[in-house]
C-alpha cells in the first residue's frame, strides 16, 4: 500500500527512526533518484550546508555511526542531513564517485567542499561545525 508515495518520498521509517513521536529525526532519506534530484536542486540555490551520508543496509560501520548522525542533525538544525542507500540509488552514488561506505559528502551551493570516508564521527562533527556558517 502507498506504493506511489513510498517510491517518491521513501519510507518514513528511516527518517524517523532515531526521533521520538513528538520530535522526528531531521535526517531525510530518499529512495528515488528523481526525488533526491529535486531536493538537491532546491538546496543548491541556498547557502545551506548539505551533508550526504552514503551508506548501505549491510554496512556495519554505517549502522554504528547512524545514532551520531541523528544527534548531529538535531544539534546543527541549520544543516541539511540526507541519508542515501547506495544499493537503492546506485546512480547517485556513481555521480558522487562513492566507492566505500560510509562516505559523507559535504556540499554547499551544489559543489562538494569536503569528503569524509569512514565512520569518523569526531572529524565529521568538526567539519560540519566549521563549514555550516
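A Cβ is built for glycine as well, from the same backbone N, Cα and C atoms used for every other residue.
Shown in sequence order, 101, 102 are the residues of the chain, 6+ apart in sequence, with a C-beta less than 8 angstroms from the C-beta of residue 59 (active site, nucleophile). Among the features that Swiss-Prot reports, active site, nucleophile is placed at 59 (among others), with the record citing similarity to another entry.
Annotated active site, nucleophile per Swiss-Prot: 62 (among others), in sequence order, evidence recorded as similarity to another entry. Take the CB of residue 62 (active site, nucleophile) and look out to 10 A: across all protein chains shown you find 21 other CB atoms.
Residues annotated as disulfide bond in Swiss-Prot, with sequence analysis given as evidence: 59-62. A helical conformation is recorded for residue 62 (active site, nucleophile) in the three-state DSSP classification.
If you look up Swiss-Prot, you'll see 6-133 marked as domain 'Thioredoxin', on the strength of sequence analysis. Taken as a whole, the domain 'Thioredoxin' (6-133) shows an average pLDDT of 88 in this prediction.
According to Swiss-Prot, the region 'Disordered' annotation covers 1-22.
For 60 (among others), the entry in Swiss-Prot reads site 'Contributes to redox potential value', with the evidence type similarity to another entry. All protein chains considered, the CB of residue 60 (site 'Contributes to redox potential value') has 10 other CB atoms within 10 Å.
All protein chains shown were included, and the count of other CB atoms within 10 Å of the CB of residue 61 (site 'Contributes to redox potential value') stands at 15. Annotation comment: Swiss-Prot describes 61 (among others) as site 'Contributes to redox potential value', evidence class similarity to another entry.
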